[in-house]
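Everything on this sheet refers to the single structure shown next.
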Amino acid sequence: MTYTSDGNESIPTDFDDVVQQVSTGTLAHQRIDELLLEAHERYSDVDEGLLAHYIPVLGQVEPETFAISMSHVGGTVHGVGDCHHQFSIQSISKMFVYALVLQEHGHEVVHEKIGVNNTGMPFNSVMAVELNNGHPMNPMVNAGAIATTEMIAGKSAAKKWENVREGLSAFAGRPLTLDDEVYESESEANERNKALGRLLKSYGQLDGDPNNAVDIYTKQCSLNVTAHDLAVMGATLADGGINPVTGQQVVSADVCRDTLATVATNGLYERSGDWLFEIGIPAKSGVSGGIVAVAPGKGAIGAFSPRLDMAGNSVRGQLAIGHLSRALGLNLFASAPDSAR
Ligand code: GLU
């Protein structure tokens, strides 16, 4: 039996030499346009939720903006609403930086160092770190994300940032740029993340300067994307690591599998269990109002609407993705009785 550095017994594994087969079904892609329109119309009037307020500029956005995009692994991207409206990627960056770090360091090292288990606590919890002897727990909470960003290749902070920006741009299939206003606003309001960085350092979980790691993390959260970009980025993880629009192999198929498993258990903050129970596909949300949901082997949905529930997830985004997951048969846990019987 092996143990990860969070002190937990890891589940037994003994299948490295077994060739992995993949079975994911097909996507009814001829219905995507019609279903996107249906979901957009159905949830446009929902006005529940609040804008994020703890990063000052995020509280000043237009609350009605609503976009849903879907990219099929075949490379066609569909969209309805404000699909080219730009917003900062925020926490959604965590899953793509994690994928780059898995690619760089491999399954075992990253599993051991960052972990994969849900904390059950808010994304910026200090208590979660303390309760787990300084272990960051998983890459989708801020402590784990800061530790993950620190593992990006590059000898200097500038090189690491360049690798983050280039890596995320390869997922999107276009050069992503920094939203300076968001970066400055968040840099002035990120004392808690700096505290998390120092706490990790005190436990020996960061090698370098914690302020550099937090600064790169703040920059990665401030990269601008659109719902269209999120759909393409997610579809790259649905497509064995090949960006379906550019054809570039961004990460390996194994990295996609590991990333999506971690996202499934941790992607919707402390509502991740509810999400998997109701919607049934790996998804990651961010406090600016974006959500990306990935159906392995089929495609991905990028949704944006800035009003959030109490955990920080876009209200309309969750509804739209739930609708599409059901109507397109994306739920990983759903089955029907064998028709040959
Ligand atoms: N940059 C935000 C933070 O670190 C991201 C939060 C989020 O989207 O969950 O607080």
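Even glycines carry a Cβ here, placed using N, Cα and C.
Feature annotations, reproduced from TrEMBL:
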- SER91, ASN142, GLU186, ASN193, TYR217, TYR269, VAL287: substrate binding site (BINDING)
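Structure coloured by features recorded in TrEMBL.
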residue : record                 : DSSP (3 states)
SER91   : substrate binding site : helix
ASN142  : substrate binding site : helix
GLU186  : substrate binding site : helix
ASN193  : substrate binding site : helix
TYR217  : substrate binding site : helix
TYR269  : substrate binding site : helix
VAL287  : substrate binding site : coil
Can you tell me which of SER91, ASN142, TYR217, TYR269, VAL287, our binding-site residues, come within under 6 Å of ligand 1 at the Cβ?
SER91, ASN142, VAL287
Using only the residues recorded as binding substrate (SER91, ASN142, GLU186, ASN193, TYR217, TYR269, VAL287), report the maximum Cα-Cα distance in Å, whole number please.
19
Name the residues of the same chain, 6+ apart in sequence, whose Cβ is under 8 Å from the Cβ of ASN193 (substrate binding site)?
ASN124, ASN142, ILE146, VAL214, TYR217, THR218
Within 10 Å of the Cβ of VAL287 (substrate binding site), how many other Cβ atoms are there?
24
